[in-house]
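Novice: Below is a structure I'd like to ask you about.
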Amino acid sequence: MKIPMTQDNSLLHILMKYAHLISMCEKYCSKSSFCAIMCLCPDVLYQEYRDTSKQQEIEQRRQRDGLPAAGSGVSAAPALQLQLRNSMHSLSLWQNLEAVKDSGLLKTLETKEIILQEAMFELVTSEASYYKSLELLETHFLRNPLLVNTLSQSDMHFLFSNIEDIMKASERFLMDLEHRIEESILISDVCDIVHIHAVNHFQVFISYVINQAYQEKNYRRILQENALFRENIAILENQPKVKGLSFTSFLILPFQRITRLKLLVQNILKKVEENSESEKTAILAHQELERIVKECNEGVRKMSRTEELISIEKTLEFKSKSVPVISHSRWLLKKGEVQQMSGPKSTRTMRSRKLYHPIYLFLFNNLLLITKRSSSGEKYQVLDSCSRSMLRTEDLEDQGQMLACAFVLKLLENQEDREVSYMLKSESISDKLRWIYALTPNRRTRFLSTSTHQPDSAQVQCIQSYSSQEPDELSVEMADVLHILECTDDGWMLGERLHDGERGWFPIRVVERIMSAEVRAQNLKECQRIHSFMNQTPLLRLGARDIL
């Protein structure tokens, strides 16, 4: 069903009826042809839009769990009607457009079709909000004399990289999305447009994201060395138009957007009819975005891992057999101090500090180094080493409270080709479990993969973003859904994120358990459906470069 836009019911005409949007519309009409979409989110920067959208996902899940909406004390509104109470941060809904209301579509469309329209509409409006934030980054920071006159050309490049190419890609993308909406108030598809642009224009995201490691490092350096820059950036951050957001929150926008765009397409893919043309275009778009996000992540990891290996090697001292640390196929998984337990094991001696000797472990994906920290704390003397595949662990939790944080680490073949065992004690039970999982991840049957989970397996949803502090931790974003693989009594969880299979530890305080068995089963079904699409065939290209 396709309803053409007439002069009387055009989206632009309807939107222009709103008096409080006129000034914003005039601003963007004079600049570009996508005035209508920009008017849908007149005062909302992408950082706010993104947080609000994620909060709505959480509230919808809480509603299905039978929980009250956050801070309301009452049940949430129906999912399709759901908007946050603060009107300044409410998101535009397709069903609330006057053109949609007047068309009578809401009376004839099935609920699932309306939900699909909302999913596609969110991709469009969020792109408009993202572009608005990019514009502010350009006009308020990149082109501002307060910054330009305080930075060298090389520092400008370090900070802003190829952000202008990113802006051009977003503007082209947004214009094509607007043209699609102008064709009909009933949106036919958006994933075909996403696929075309991902193939032809979104490569610029990869170089920008890979450069972010240098960007962050140089930003800290400039803040320390350049007092005038430090003063001016504080002035710009305090101006009302940036709404209290930091300069760095604008710099990380491209990576946040490309990862979020993948999830928005994934959300559409969950809602389109199976075996339809829309499903096909959604699969293609998702595959291409998955490739881009993967290249971004791998590029960032490769750079940071190499720098980390170089840094670690400089601190190591080998007494006998030297082990080459730096390798393209090696990266750090976990490091830290544990206590080696030695001497006779009696109740009396186990309380004695003489029984424990600190050692420092460096665990890489294919190698373990057992070291002793120097008195200065800057160097590490290597005592032993072993291939990670030749490690075995034994948990001593069932042997009394005294051994609750202890475990046995066995090296089947150490650097002297001998089998040796170390009895180790960690600071906490969670730290012990984290070491055991890192040392021997495939030796514990309870660390299951997503493919082995049953429909009623425990799941949690992230309600507060968390940035990893250690190599074995997982950074999680609001609304992420994760399988619980392990849970400790002192506040940590090992989880596997459904949408990308990434694993790691995170604090229990940043997640909520998903109580509804129906929601858990649906999450798993949708996850498995997405994974099946990704594994069916090699990445297909619809000849997108020819389509343009």
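Note: Cβ is positioned from N, Cα and C throughout, glycine not excepted.
No curator has checked TrEMBL annotations; they are predicted automatically.
Annotations per TrEMBL:
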- 115-299: domain 'DH' (DOMAIN)
- 331-444: domain 'PH' (DOMAIN)
- 455-516: domain 'SH3' (DOMAIN)
Novice: For the domain 'SH3' (455-516), jot down how many residues DSSP puts in helix, in strand and in coil.
Specialist: 3 helix, 28 strand, 31 coil
Novice: Quick check on the domain 'PH' (331-444): DSSP residue counts for helix, strand, coil, in that order please.
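Specialist: The counts are 27 helix, 52 strand, 35 coil.
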Novice: Taking all residues of the domain 'DH' (115-299) together, what is their mean pLDDT?
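Specialist: Mean model confidence (pLDDT) across the domain 'DH' (115-299) is 94.
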